[in-house]
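After the structure tokens below, expect a handful of questions from me.
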């Protein structure tokens, strides 16, 4: 696929699609010139613009920024708020976010307001909410099917081909009372850790327009960070929920496979989410652990009734006790994966978290040497992610003579699905790694009983801070936990500050390989101006064993509370 001719069909399709999207923003919701961002080139922070532009009323500002998800639902169902006014406030704020960051693909404002009005009528007529998430405004990654709406995933050949039915998760969320206000931007091919495509363009990070917004659920991360949606629904196969959460300073939760319905999406693949390879999962992105919990508490127990790819699950139960003496929580610290040495600010924030969590008193923290099995995960995860081939995606691009986006050039090409024998061998290797990793979590005591060693693990989300656009490096810190099918989540800790600039003028030791070499370039002042990282979020990843999703959410809350109790950056 080479650069296309002047009359290549994709160009006109993209022009029409953007025009359709832009026309969905009412005139009185449009920003004036002084509030629009400058051209790329400045580390501009636009998070405060919605509060300052005058488009939102004082009440709408309160609705979109002062409530938790549960608080909003309570306000609506107790008649202190209406679903319609809440939806209108979030639609307005989403429209502002779109003008500042280019995070949306489908603006569902009209249908959302109609839906909200019907929920208000239901509450008035029957005196009870439609469902446990009555009136909650949410957004969804563009890959999810919503009847009558495109799921183009930024590919011209898929534009103007509206979905004929909902994804199972969409039906489930609607049954719970949610209001879907928008769908959000993704990278071309869904196989990049930024969010840029030829149809909708690039989603910008609202904290700093010089660094990546993350991907592939980048539009979700940005919209939630800008308070344009209460909860965003993303997907994750290599880190696509957790990476945008890190880049935008918010919380993201990648569940175990089968906890949240995932099927019925447009992925540009012949095999959708083929079970022969590595399975993507769906999960929430939010501004607090409590909001993640609100979503998962209602979705996980019902998932098996709505989707064939889900397993029976509960959320909650008896009070959780730690696996240490007298119920103390035990957290393991894994600082490095053995493939990419974390840059100094990443190691510093992990140590800061260790010290803060230790001071709380009911948490024991133990350092864990890098397991060789974890080191071996990245290469196998990469091979399994490619097992289904790229035939349909390449066919879709060639259909309209659409070129690859700049970052994809040289990285993406036509490939056939791997043979049964190849996939069988890779899955055997996967089983071996899963077995070896069990020794991290469990040990056999003197009586021959198998016991848990850790309630959760803490490790980096990436070996680097939020990097400049299109320079995200290794994915092993996130993709490994999809391979192992461990639930994994992101907690923001603080912002990168002036003191971090002076850490380790040069990286010591020799490079561990090609990934590590590129990672070191992100700290090499001859290649990267470290000031680009100033004020960007620094986060941690928290991990639990397979299917221990509820326990992970509880441990996130324990760790998050510990960080707040000992002082955390007020800007987060």
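Count begins at 1; order follows the chain as displayed.
Here the Cβ of each residue, glycine as well, is placed from N, Cα and C on the backbone.
Reproduced below are the annotations present in TrEMBL:
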DOMAIN    85-553  domain 'Amidase'
ACT_SITE  141  active site, charge relay system
BINDING   190, 216, 237, 238, 239, 240  substrate binding site
ACT_SITE  216  active site, charge relay system
ACT_SITE  240  active site, acyl-ester intermediate
Within 10 Å of its Cβ, which one of these binding-site residues (238, 239) has the largest number of other Cβ atoms?
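Selected residue: 239.
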Using C-alpha atoms only, work out the spacing between residue 239 (substrate binding site) and residue 141 (active site, charge relay system) and round it to an integer in Å.
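Residue 239 (substrate binding site) and residue 141 (active site, charge relay system) have their Cα atoms 14 Å apart.
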Based on the record's binding annotation for substrate (190, 216, 237, 238, 239, 240), what whole-number value in Å is the widest Cα to Cα distance?
12
Around the substrate site formed by 190, 216, 237, 238, 239, 240, which additional residues qualify by having Cβ within 8 Å of the site's Cβ center?
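For the substrate site the neighbour list reads 191, 193, 215, 217, 235, 236, 243, 280.
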Sorry to bug you, but what's the C-alpha spacing from residue 238 (substrate binding site) to residue 141 (active site, charge relay system), rounded to the closest Å?
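The separation of the Cα atoms works out to 16 Å.
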Enumerate same-chain residues with a sequence separation of six or more from residue 237 (substrate binding site) and a Cβ-Cβ distance below 8 A; give 'none' if the list is empty.
278, 279, 280, 281, 385, 479, 482
For the domain 'Amidase' (85-553), what's the model's average pLDDT?
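Taking every residue of the domain 'Amidase' (85-553) together, the mean pLDDT is 96.
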Give the sequence-ordered list of residues that share a chain with residue 190 (substrate binding site), lie 6 or more positions from it, and have CB atoms under 8 Å from its CB.
143, 153, 216, 240, 267, 268
